[in-house]
């Protein structure tokens, strides 16, 4: 498997490690999203401690307004973070 294919599988795996702990196994609730960000993105994003921050992140990601983050919305988030990191490291 190529590095890109491994990365794609890892993204799917990480999403499903956190989704469905508290409901729909295909979506992240706010608490699941917070845990995922704090555990899996700790080198790129600050730890989320305040509920307001979680609410704001979810509001930004939740395109369909269901109060949860589906895989497509999660991937949009990953793309945003990856783009920001790429731009940061490109200028160093």
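Cβ from N, Cα, C; glycine included.
What Swiss-Prot lists as Zn(2+) binding site is 16, 26, 86, 91. For residue 26 (Zn(2+) binding site), applying a Cβ distance below 8 Å and a minimum sequence separation of six or more within one chain yields 19, 20, 70, 71.
Counting every protein chain shown, the number of other Cβ atoms lying within 10 Å of the Cβ of residue 27 (Ca(2+) 1 binding site) is 21. For 19, 22, 24, 27, 32, the entry in Swiss-Prot reads Ca(2+) 1 binding site, with the evidence type experimental evidence.
Under the DSSP three-state reduction, residue 68 (Ca(2+) 2 binding site) is assigned to coil, being neither helix nor strand. Annotated Ca(2+) 2 binding site per Swiss-Prot: 62, 64, 66, 68, 73, in sequence order.
As annotated by Swiss-Prot, domain 'EF-hand 1' applies to 13-48, with the evidence given as a curator's inference. Beyond the ends of the domain 'EF-hand 1' (13-48), by six or more residues, the same chain brings 54-55, 57-58, 61, 66-71, 74, 81, 85 to within a C-beta distance below 8 angstroms of the stretch.
The domain 'EF-hand 2' annotation in Swiss-Prot covers 49-84, and the record cites sequence analysis as its basis. Model confidence over the domain 'EF-hand 2' (49-84) is summarised by a mean pLDDT of 91.
The feature N-acetylserine is assigned by Swiss-Prot to 2, with similarity to another entry given as support. Non-local neighbourhood of residue 2 (N-acetylserine): empty, since no residue in the same chain at least six residues away has a C-beta under 8 Å from its C-beta.
Within 10 Å of the Cβ of residue 19 (Ca(2+) 1 binding site) there are 23 other Cβ atoms, across all protein chains. Around residue 24 (Ca(2+) 1 binding site), taking its Cβ as the centre, 12 other Cβ atoms fall within 10 Å, counting all chains. Note on the domain 'EF-hand 1' (13-48): DSSP counts are 17 helix, 2 strand, 17 coil.
DSSP assigns residue 73 (Ca(2+) 2 binding site) to a helix in the three-state reduction.
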